[in-house]
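Record features (Swiss-Prot):
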- 12-22: motif ''HIGH' region' (MOTIF)
- Cys143, Cys146, Cys156, Cys159: Zn(2+) binding site (BINDING)
- 336-340: motif ''KMSKS' region' (MOTIF)
- Lys339: ATP binding site (BINDING)
- 556-580: region 'Disordered' (REGION)
- 591-696: domain 'tRNA-binding' (DOMAIN)
Amino acid sequence: MSRKILVTSALPYANGAIHLGHLVEYIQTDIWVRFQKMSGNECWYVCADDTHGTPIMLRAEKEGITPEQLIARVHGEHSRDFAGFHVGFDNYYSTHSDETRDCANDIYLKLRAAGLIETRTIEQYYDPVKQLFLPDRFIKGECPKCGAKDQYGDNCESCGAAYAPTDLKEPYSAISGAKPELRTSEHYFFKLSDPRCEAFLRQYTSRDNGVLQNEAANKMQEWLGAPGENKLTDWDISRDAPYFGFEIPDAPGKYFYVWLDAPIGYMGSFKNLCARNGLDFNEYFKPDAKTELYHFIGKDILYFHALFWPAELAHAGFRTPTKIFAHGFLTVDGAKMSKSRGTFITAESFLKTGLNPEWLRYYYAAKLSATMEDIDLSLDDFVARVNSDLVGKYVNIASRSAGFITKRFNGQLAPATAELPAIKGIQEAASRIAELYEAREFGKAMREIMALTDAANQYVDSVKPWELAKQEGKEVELHAACTNALNLFRLLTVLLKPILPIVAEKVEKFLNIAPLHWADTQSLLAGGHAINAYEHLMTRVDPKLIEKLVEANKESLAPAPEAQSQQRHAEHQQNEVTAESPWEPFCNIDDFMKVDLRIVRIANAEHVEGADKLVRLTLDVGNNETRNVFAGIKAAYDPAQLIGRLTVMVANLAPRKMKFGLSEGMVLAASDGEGKTPGIFLLSPDSGAQPGMRVK
């Protein structure tokens, strides 16, 4: 029975070019979608540009154009690049659309009606020149820990320290250079910490539920905490004007944070497709839908897609994703993509250099699995593998046999030898390879297909049509040998069609056949079938083209300030390598042991009146002793939810007199210095730890 499937890829941010890191996901998704369609399933593939946010607004202003003009131009560039790599979206849309706005408003109003939206007053830095509130990455100053200048508002790239923007010394706006002012503003929060959300997410993200890969499910349980320990924090879903995005209903001057409406862009894009194609939107998004919904994403945006997004959908009365498939990042020659080395390669430059996009599609397929492991693009291996597998093995079968059919047999085939072991081998393996495609184990599928290709070539080598053609009286044998070779080639083309759609089209034209489907692996071309003249299908990779590509992508390592501020976006690209190491210099064990790390229990936690970031913690450090500590975690944790929790503190840090009192230590928390994963995460020891125990 045919399945009804809706598939999405993450939305690329409309503030930069598509590069080879992005293409891992879109090629992976496209292969899976093409396989589903070949298998007879009704499968729709939608995506869109992620178009909202402060960086879009500022870049448009810098270019002297409107945000609408900027996103329209970038949409054209992205569409061109995806088409160049044969990514076959059924709809590639924009989040800046009426459909997405309507869906965002609908979800928000339903969450509000369910009591899952609340307002809070927060304190933020404000740029008096640009007259806007500044995101953390748009504030710079001196690091409060090491004194390094020109550091961002959330972490120091010199010493790695994480802090609140208000901790910066001599802060200034990265946009105007002005000294920012602290101002209060009312913000809107989605109550992810609500017991209803927690209970739903514990079940939804569990390994037993099967929505996530095991490693992703394990990560979700870390973020949720142990049963009875709700580590979820409420999510700030609003931003203040001026902001390029959708205004929140009944809240003039307040806008949805871009990450609120970005995944809703999946719905908006599909709604647009439904209107054009006469599809039923509700059939795919009603809570009891029998259809299937799959999201392909990078592992760095799991937090949004596996926690916020399904919680929003479930409590707004929509279905949740059937499965969420997360993949790893791309490295090039074993390292992060780097502009200085020329390995931060854009899709446009790859195509302009003259490289065949199907070479990359095949190489990625050969490396991809169903896990979240990173994959490496080794440029030397890329050349060797494509030349060996695609040209030397696969295409070689047709090039060694087709010409004889055209020249000697008027383009007509003989009856195929159905019991030929190489033919039977492909037909018997087809269902197994289909299972690998379904499971996204593309690398395993490619290995099986290449083994079958080797067997096909062994058959051609054994019958030697080029020698039969020289011998008188061998016409029947030659005709049969070339017919069998072309039938083998056709069967292999079916198996490779999700990877090589353009080559498959050329093969269909050359063999004079209808578009191939997966079921065609079980049939052969009939005797007397007429084929067309063979035309060359694929050339070898010239290593000089790779050298040209690398040179074309080399540029200064110094990123533009605007590019540095894009850390939070939905685009799951790897950031280029910087000259600084992300690790601290080595210390010896004696230096480490000078830091007295202790397990503590949070005996009490309360807001600090007049402080926008601080929570006052009373810590039980064991031996009936308590310490008073101020922690900059207000944006991440409700103080009431911290009481009773175990964490880790630096017990021998010199007391520090603050405006609000004396701080007698420091609790430890983690944050993503690159901004890919938002939030602050208080450290927790394993079960069994007791206050006063030393960490060593």
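Including glycine, each Cβ sits where the backbone N, Cα and C put it.
Look at the Cβ of each of the binding-site residues Cys143, Cys159 and count the other Cβ atoms within 10 Å; the largest number goes with Cys143. Note: Cys156 (Zn(2+) binding site) has non-local neighbours Cys143, Lys145, Cys146, Ala148, Tyr163, i.e. same-chain residues 6+ apart with C-beta under 8 A of its own C-beta. In sequence order, Pro144, Lys145, Gly147, Ala148, Gln151, Glu157, Ser158, Gly160, Ala161 are the same-chain residues whose CB sits within 8 A of the CB centroid of Cys143, Cys146, Cys156, Cys159, the residues recorded for Zn(2+) being left out. Per DSSP, the secondary structure of the motif ''KMSKS' region' (336-340) breaks down as 0 helix, 0 strand, 5 coil.
Between the CA atoms of Lys339 (ATP binding site) and Cys159 (Zn(2+) binding site) there is a gap of 23 Å, rounded to the nearest whole number. On the 0 to 100 pLDDT scale, the motif ''HIGH' region' (12-22) averages 96 in this prediction. The local packing around Cys146 (Zn(2+) binding site), expressed as other Cβ atoms within 10 Å of its Cβ over all shown chains, amounts to 12.
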